[in-house]
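Working notes, structure below.
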Amino acid sequence: MTRHFLRDDDLSPAEQAAVLDLAATLKADRFARRPLAGPQSVAVIFEKQSMRTRTSFEAGIAELGGHAIIIDAQSTHLGRGETIEDAARVLSRYVGAIVIRSHADARLAALAAASSVPVVNALTDGFHPCQLLADLLTIRERLGATAGRTLAYLGDTANNMAHSYLLAGATAGMHVRLAGPAGFDPDPAVVAKAAQIAATTGGSVEVGHDAGAAVAGADVVATDCWTSMGQEDDGLDRITPFLPYQINADLLAGAKPHVVVLHCLPAHRGEEITGDVLDASAAWDEAENRLHAQKALLTWLLS
Ligand code: CP
Ligand code: NVA
């Protein structure tokens with residue numbers, strides 16, 4: 001059966017750990033392995049903007065000995081009505097895997113259903129699972145392990161990063177706490193699935209509105225932008241209700257002394273995080289780790 005990586009919970013706890021182990025191995029000896037030599041080609045499609053994802057996939061596939069075909073969807077027939085299923089059927093004849101950044105998760109599911117090669121979610125409205133592999137790798141590097149550690153995610157708890165922290169954090173055995181303004185709440189089905197996973201891994205899941213309570217004693221504190229791609233004109237006030245959830249030095253005083261601060265980037269300094277906290281954060285290692293984590297994921301999916 002063709003394996004896809006559409007959501008964080010598409011990897012079992014053991015599989016997630018195996019991919020992260022491989023990522024650490026690949027990072028330690030970056031140019032040693034070329035499992036995609038041939039070269040195997042990988043299509044990397046963008047229906048939304050990107051800097052890190054595009055560059056880390058293109059560089060990572062090259063380092064694996066493969067060939068990345070970066071596709072701006074607007075420059076293809078996807079931008080003028082070719083169905084995603086037809087595109088999947090055709091691309092499957094050319095490449096070994098399809099990586100895509102898209103909008104609705106249903107569109108990604110339709111692509112995967114029609115594809116005969118692995119499909120990887122490079123961000124949808126609902127999830128950002130490749131980012132979470134990088135985040136977990138960063139937490140392992142800083143704290144030695146993920147299991148039993150407490151991660152607080154503050155801000156837009158309804159967005160893709162919130163959902164991925166729930167699922168991937170629970171899979172990694174973490175205690176995941178979300179805090180954000182009322183009305184920006186995560187999908188209850190995702191919360192329920194994360195709680196179900198956490199019950200098997202020794203983790204836990206809490207969703208609330210109190211930033212201080214979420215950060216109290218946390219090992220990891222994470223945030224993301226308050227306006228995600230595609231939400232620019234949704235008519236909601238995406239500043240005022242979020243202000244109590246800014247990550248700043250005062251808020252972090254309640255976390256563990258060794259607190260690891262994460263931000264998937266791009267950041268909005270002075271909004272979801274202050275510039276001083278961002279500069280001293282682990283976000284830069286986290287960004288680098290996209291490369292290593294995605295190399296491991298592709299190696300795992302294609303071997
Ligand atoms: N973090 C992340 O996915 O960045 P890009 O949007 O630049 O790819
Ligand atoms: N939540 C953000 C993540 C960007 C990497 C967005 O979807 O725009």
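Every residue, even glycine, has its Cβ placed from backbone N, Cα and C.
Automatic, uncurated: that is what TrEMBL annotation is.
Under the heading domain 'Aspartate/ornithine carbamoyltransferase carbamoyl-P binding', TrEMBL lists 3-141. Here TrEMBL flags Arg101, His128, Pro129, Cys130, Gln131, Cys264, Leu265, Arg290 as carbamoyl phosphate binding site. Summarising the annotation, TrEMBL assigns domain 'Aspartate/ornithine carbamoyltransferase Asp/Orn-binding' to 148-301. According to TrEMBL, the L-ornithine binding site annotation covers Asn160, Asp224, Ser228, Met229.
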Among Arg101, His128, Pro129, Cys130, Gln131, Cys264, Leu265, Arg290, the annotated carbamoyl phosphate contacts, find the widest CA pair distance and round it to a whole Å.
16
Quick check: with Asn160, Asp224, Ser228, Met229 left out, which same-chain residues have Cβ atoms within 8 Å of the centroid of the L-ornithine site Cβ atoms?
Leu123, Asp125, His128, Asp156, Asn159, Met161, Cys225, Gln231
Alpha-carbon distance [Asp224 (L-ornithine binding site); Cys264 (carbamoyl phosphate binding site)] in Å:
6
Tell me, how many other CB atoms lie within 10 A of the CB of Ser228 (L-ornithine binding site), whichever protein chain they belong to?
19
Relative to ligand 1, which of the binding-site residues Pro129, Asn160, Met229, Cys264, Leu265 have a Cβ found under 6 Å from one of its atoms?
Cys264, Leu265
If you check the binding-site residues Arg101, Pro129, Cys130, Asp224, Cys264, Arg290 one by one, which have a CB less than 6 Å away from any atom of ligand 2?
Asp224, Cys264
Considering only the binding-site residues Arg101, His128, Gln131, Arg290, which fall within 10 Å of Asp224 (L-ornithine binding site) when distances are taken between Cα atoms?
none
Under 8 Å by Cβ from Arg101 (carbamoyl phosphate binding site), counting only residues of that chain that are 6 or more apart:
Ile45, Phe46, Glu47, Lys48, Ser50, Thr53, Ala122, Leu123, Thr124
Among the binding-site residues Asn160, Ser228, Met229, which ones place their C-alpha within 10 angstroms of the C-alpha of His128 (carbamoyl phosphate binding site)?
Asn160
